[in-house]
Amino acid sequence: MKQVYLDNNATTRLDPMVLEAMMPFLTDFYGNPSSIHDFGIPAQAALERAHQQAAALLGAEYPSEIIFTSWPRATPRHAAIALLPERREIITSVVEHPATLAACEHLERQGYRIHRIAVDSEGALDMAQFRAALSPRVALVSVMWANNETGVLFPIGEMAELAHEQGALFHCDAVQVVGKIPIAVGQTRIDMLSCSAHKFHGPKGVGCLYLRRGTRFRPLLRGGHQEYGRRAGTENICGIVGMGAACELANIHLPGMTHIGQLRNRLEHRLLASVPSVMVMGGGQPRVPGTVNLAFEFIEGEAILLLLNQAGIAASSGSACTSGSLEPSHVMRAMNIPYTAAHGTIRFSLSRYTREKEIDYVVATLPPIIDRLRALSPYWQNGKPRPADAVFTPVYG
């Protein structure tokens, strides 16, 4: 059976060249990078090179601004701990990754006031609400650069400038943009930026935090000098080497993301032409090249995914961290997508390994699946939606 992987926002395949770079550090170069003998020296050299590779991809001015970690989305807690006690407010958005939302809820229980900025039906951030929430009481702004479900990009540069006008730190969750669009963090007012290697063909379990030189910071993990004293614990050299290699390869392949955008558009346009009652989530906004979220009205996204999987196609109904729930995702609810559409959202996310013939296979396979499921739907009759008064339409609670 043909296999097509279009769930790259959840994770990506490991690049063979990344694996090749990692292997010696699983077998031969097993020394501790903190050791000064001949076993530790190659590990330390590899660690320094990985800092340089990550800094180059992110556009950081100094390799020492990179902190390798297994938990890049811990940044809101890092930043809040570092700030002055009189600043007790944090700004985020309603469509952040569940890990960020959970961190903000934890801080809220500790007495912080959390401003959650709304989005419109296209997934665009309410900038008027954002400006109104800013004040000298705000310690931190923590928002994603691109939404993991829709691919919609936020105006990060403008937001960082506005945050600095009020003396707030600015953190950007860049997990879904690194390796997909050019980043020059050193030319922005971003104080902190987090990313994860497995989203751009690196290994799982390793990420990094960009921390602008001079930014206040107090580590959550203490007890060691590693990562310039900012992340205690013996370094995961194998994983870090893999992330460094993935960063270098991502830099090389960045120009090819234009082609990925063209493939995304091919998938999007052909499905819109062949399937009725389908909407593109955030289609009117700037998006990362490889993400498209389609809402197939009047059917369940989980059913679509199961039938796609039987045809060898891997996609997602939203964030991998929330899949398994039958409720529409918090992102769809925040965008106020109609219930009958929000339940039928499918996210296709491409990578540099995606080929045109795979896109064409999806375009040929999906419409019959939609027809089959709609034939069973109480909301669909004779090839079109049933009258609104003929069925019960649930609403969000």
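The backbone N, Cα and C atoms fix where each Cβ goes, and this holds for glycine too.
Summarising the annotation, Swiss-Prot assigns active site, cysteine persulfide intermediate to Cys321 and lists similarity to another entry as the type of evidence.
Under the heading pyridoxal 5'-phosphate binding site, Swiss-Prot lists Asn148, Gln176, Ser196, Ala197, His198, Thr234, citing similarity to another entry as support. Cβ neighbour count for Ser196 (pyridoxal 5'-phosphate binding site) (all protein chains, 10 Å cutoff from its Cβ): 25.
Marked as [2Fe-2S] cluster binding site by Swiss-Prot on the basis of similarity to another entry: Cys321.
Secondary structure from DSSP puts Lys199 (N6-(pyridoxal phosphate)lysine) in a helix. What Swiss-Prot lists as N6-(pyridoxal phosphate)lysine is Lys199, and the listing cites similarity to another entry.
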Worksheet item: Fewest neighbouring Cβ atoms within 10 Å: which of the binding-site residues Asn148, Gln176, Thr234?
Response: Thr234
Response to the item:
Judged by other C-beta atoms within 10 Å of its C-beta, the most isolated of the recorded positions His198, Lys199 is His198
Worksheet item: Do any of Asn148, Gln176, Thr234 (binding-site residues) have a CA within 10 A of Lys199 (N6-(pyridoxal phosphate)lysine), and if so which?
Response: Gln176
